[in-house]
Amino acid sequence: MNVKDRKLREVDSETTTGILKRVITENGRDHIRGYAVAIACLMVVAATTGFIAWISETVVNEAFANRRGDTVLLICFSIFAAFVLRGLATYGQAVTLSKIGNSIVARYKRRLYMHLMALSVGYFQEKRSAQLTAKINQNVAGIRDVLNMTVTSIARDLLTLVALVGVMVSKDWLLSLIILLVAPPMLLGLRYISKRLRLATREAVEANSSVLGAVQETIQGISIVKAFTMEDELRRKVERIIDRAESRANRIARLSERTAPLTETFAGLAISSVLAYASLRTIYSNVAPGALFAFVTALLMAYDPARRLARLQLSLERAAVNARMLYEILDTVPHQRDLPGAAELTFSEATVEFRGVRFSYGNSEEILKGVSFRAEGGKTTALVGSSGAGKSTIISLIPRFYDPQSGAILIDGQDIATVTKQSLRSGLAYVSQQAYLFEGSIRDNIRYGRPEATDAEVEEAARLAYAHDFILAQPQGYDTPVGEQGMTLSGGQRQRLSIARALLRNAPLLLLDEATSALDTESEAAVQKALDQAMSGRTVIVIAHRLSTVVNADKIVVMKEGMVVEEGTHEELAHRPGGLYARLHNLQGSALELTVGADVT
Ligand code: ADP
């Protein structure tokens, strides 16, 4: 089996009909009334179209054979009325279907957002966020198209076609039969095209997502791009991706437009043979021209809906690919669900204990090789060790961003694997190295720490975090917008905001990843004071980069290559002969990464 066939088969794994069924069962029910209105309108469209073709026989016969001017005028007026009615019905169905489509798009966006938030941290580390966003946007539109296309095409075109074929059969059944003969070969041709199109569509969505992803990444990292003069390199890379997207788009165009010569050829064959046969018959026998006129009118009018129906399968294939790709995201099971009947975690002293924890990311090498230590309640425990020793990994296991492969983590004697994640996370606050601010005002950003906090509490937290004064100096104070479009804050200010957020949370357990990036001395001192506030009176586990943090910690846990090699206070460890900490400390802490900050002497 060659690669192309194998790919086709993979893409085929869930059939188009299966996907359509799923899309319809998940969304159809809520919009039954809307669809009923749309279908009623479409039936009016079909009926008026059929009527126009059907009545043309009477016009011709009354005008040419019976010469009845009054009847002709009456009929012509009814044709005009039929057109007006058709216009109104077309408007009605289009508006109704668009409304349903928009509501479905909104619903999928909501569903996806909720779903993405439920997925584990690991999922996002495997995916490129910008590409993921682009893919979602492209595919959501695809689902809307599946539904609207199915309804429009099936209801309008099929009904219209049935009405017109009815007219044709009633006027001349033999001729109708001749025309139906062209259908089977045409359908076979379309089937072949649609199969190829399915693969091309998936490749096109991937390629487009890569382009959008690359653009977004460049925008996000624009200062790095410029500082490292990466422009040429990136341009070449992005050009390659854009070329690929272009060639995929061309392939889709070639494939889907191949339907035109196919349908036109068969339609031409049908129409010309009908005309030839019918004209010859009219010339050589004495049949009234009215019936033939109506037949040909119906035939010509049937051409458009028939062509659209023929293409429907292709459009549905494309839309189904979008839907399928979206479901791939929606069907990703959130890795860590709470155990059935999981208990609520109750915090008392917030003592954290690691017991023989072994952990690896995915299938890679073991990162934590049996880590055991105890972080006493209300005390500060500092994790130190060279870069890559596994300190951040330890921190990320506590909120259960990941679960260890073996061993256990206990908080106040309760295994965190057996409690609800909600109760676990509500008892801890996390201050990362990079202070992340969300779109919104300064007040909103602090309030994420505890959404029900009052304005006064928000301000109190800001005061404790030494942020109140600089916040008041902003143009709109606490209501100043931050985030992407907002004004820019300094690194130290951002950190103090994220500390205020953690303070507001007032959680018994604080996880802290001290920033390594150097701040100016003044900022540094303010951040340090804010941190001291945040650390007092609660259990703190800190990845320490500052010497003062380590020296003042109640306990130091020294890590090396995924193992705890020493534990104790600074006093105990600094003078232990041959100890790793003592050695690192004597080296002025360079390998300990303790050199940051003005307090290193
Ligand atoms: P530290 O915080 O002590 O510098 P980390 O816990 O960040 O150490 O990293 C320990 C090891 O785990 C490193 O070898 C790193 O490459 C690896 N690692 C960290 N995060 C991931 C991840 N998301 N996926 C795979 N490996 C990771």
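Placed from the backbone N, Cα and C atoms, the Cβ positions cover glycine too.
Model, not experiment: these values are computed from the prediction.
Copied over from TrEMBL, here are the features:
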type	residues	note
DOMAIN	36-318	domain 'ABC transmembrane type-1'
DOMAIN	352-586	domain 'ABC transporter'
TRANSMEM	35-56	transmembrane segment
TRANSMEM	71-89	transmembrane segment
TRANSMEM	146-167	transmembrane segment
TRANSMEM	173-193	transmembrane segment
TRANSMEM	283-303	transmembrane segment
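Sequence-distant contacts of the transmembrane segment (173-193) (same chain, six or more residues past either end, CB-CB distance under 8 Å): 165, 255-256, 258-259, 262-263, 266-267, 269-270, 273-274, 277-278, 295, 299, 310-311, 313-314. Long-range contacts of the transmembrane segment (146-167) within the same chain: residues 19-20, 23-24, 27-28, 35, 38-39, 42-43, 45-47, 49-50, 53-54, 93, 97-98, 100-101, 104, 176, 294-295, 298-299, 301-302, 305-306, 308-309, 312, 315-316, 319-320, 322-323, each at least 6 residues beyond the stretch ends and with a Cβ under 8 Å from a Cβ of the stretch. Here the transmembrane segment (71-89) has Cβ contacts under 8 Å with residues 41-42, 44-45, 48-49, 51-52, 55, 58-59, 62-63 of the same chain, all six or more residues outside its ends. Confidence over the domain 'ABC transporter' (352-586), given as mean pLDDT on the 0 to 100 scale, stands at 87.
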